[in-house]
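*Asks:* The L-tyrosine binding site feature in Swiss-Prot is assigned to Tyr39, Tyr176, Gln180. Look at Swiss-Prot and you will find 44-53 tagged as motif ''HIGH' region'. The ATP binding site annotation in Swiss-Prot covers Lys239 and is backed by sequence analysis. Positions annotated as domain 'S4 RNA-binding' by Swiss-Prot, on the basis of sequence analysis: 349-415.
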Amino acid sequence: MKHKSEFLNFIQERGYLCQCTNIEGLDQLLLQNNYVVAYIGFDCTASSLHVGSLIQIMMLRHLQKFGYKPIVLLGGSTTKIGDPSGKDKARSVLPIEDINQNISGIKKALKKMVYFNDGKAGAIIVNNADWLDSIKYIDFLRDIGAHFSVNRMLSFDSAKTRLDREQNLSFLEFNYMLLQAYDFAELNKKYGCRLQIGGSDQWGNIVNGIELGKKLNLPELFGLTTPLLLSAQGKKMGKTESGTVWLDGDMLKPYDYWQYFRNIDDQDIGRFLRFFTDLPIDEIKKLESLKNQEINEAKKALATEVTKICHGDKEAELAQSSAVSVFENGDSSLLPDYTITKKQVANGISLIDLLHDIGLEPSKGAAKRLIQGNGCKVNDYTINDINYIINSKSFKDQSFIKLSAGKKRHIKVMVS
């Protein structure tokens with residue numbers, strides 16, 4: 001479907017466009033206004049975002065590219081409740097201190113990928129605690145709650161799925177969709193925001209906000225969803241067997257971030273190049289047409305471009321050159337390192353414990369299975385003894401040992 005606005009044509013061609021509440025109306029708004037404000041919300045449940053949020057971050061960047069103003073809404077208040085969308089059970093309630101620390105970490109990561117200033121397309125960060133924390137309950141029920149039908153709320157997936165499975169849905173979580181709807185109304189009143197963007201699991205929450213806007217006699221609001229980020233195997237993106245793929249370089253080294261995208265399934269190459277890079281479509285088509293061993297060149301291009309956006313050109317080029325040196329030239333000097341103490345070496349440390357402590361495996365059980373499956377190497381020698389101990393003999397005359405989990409995860413273990 002061809003649209004009148006360049007923005008909608010662009011996001012459709014890249015695969016971002018999933019659902020829209022009124023595509024013709026939004027198309028007209030974007031065409032006639034060179035100043036449109038849109039928002040994307042992020043819960044503050046961790047001290048960084050992970051790659052599961054990357055599509056939304058790219059949407060922020062694309063809004064700016066076309067001259068529109070994005071709002072990053074951080075859920076300083078709604079995180080205290082937790083969004084039930086796509087969840088089987090309620091999240092643990094986070095202390096306010098943790099939420100505030102998480103907000104700082106998320107801001108740090110976002111500022112590397114989106115530009116924030118007072119310009120026409122400069123993004124702004126807003127915390128919904130600014131208005132939700134001061135709400136008076138009775139006033140909220142009267143002025144906002146009266147506009148919501150419980151029957152309709154129960155029909156949305158966030159509630160319906162839990163109830164169909166006879167899983168508990170607390171009154172606290174049930175209120176989340178009212179608060180998110182209220183956020184949209186507040187952002188319209190304060191900033192003239194007309195568009196909310198979110199993952200497809202947010203459809204019900206977005207529709208509630210638009211319907212509330214109508215009942216409050218606000219200008220027409222619009223909602224647009226992007227596809228949920230799934231791998232070729234149908235798994236949600238964001239976590240691997242080794243742990244979460246964080247966007248913060250202090251929580252996941254740029255080298256490991258680069259490796260994550262270098263090792264994606266062949267079937268994901270074209271889709272991920274469209275989603276996560278700024279490469280033009282013509283170049284993407286050339287890369288996704290590569291066959292056999294040449295596919296690896298497309299994966300390297302993807303990994304480098306994605307790492308540039310998240311960590312900058314310098315870190316991306318360093319990650320790529322390190323990978324080439326390690327995997328193609330056999331150079332261990334550029335491997336990520338982990339330090340253990342002389343006392344640990346003297347006492348001996350279990351290989352299973354070390355694999356887990358380093359983060360090469362998420363659990364000791366996984367480390368044991370890796371060894372039993374001949375997937376673990378020490379200094380390029382396969383170890384299949386689950387009782388293997390790393391001690392001074394392991395280092396011999398070297399200052400480090402190379403520890404490998406599978407073909408693509410390697411760490412240099414040093415002694416201090």
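Note: Cβ is positioned from N, Cα and C throughout, glycine not excepted.
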*Asks:* Pick out which of the binding-site residues Tyr39, Tyr176 has the most other Cβ atoms within 10 Å of its own Cβ.
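*Replies:* The residue with the most neighbouring Cβ atoms within 10 Å is Tyr39.
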*Asks:* What average pLDDT is reported by the model for the motif ''HIGH' region' (44-53)?
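*Replies:* That stretch averages a pLDDT of 94.
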*Asks:* For the domain 'S4 RNA-binding' (349-415), how many residues does DSSP put in helix, in strand and in coil?
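*Replies:* Tallied per class, the domain 'S4 RNA-binding' (349-415) gives 21 helix, 22 strand, 24 coil.
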*Asks:* According to DSSP, does Gln180 (L-tyrosine binding site) sit in a helix, a strand, or coil?
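*Replies:* Note: Gln180 (L-tyrosine binding site) is helical by DSSP.
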*Asks:* What's the longest C-alpha separation between any two of Tyr39, Tyr176, Gln180, the listed L-tyrosine-binding residues, in angstrom?
*Replies:* 17
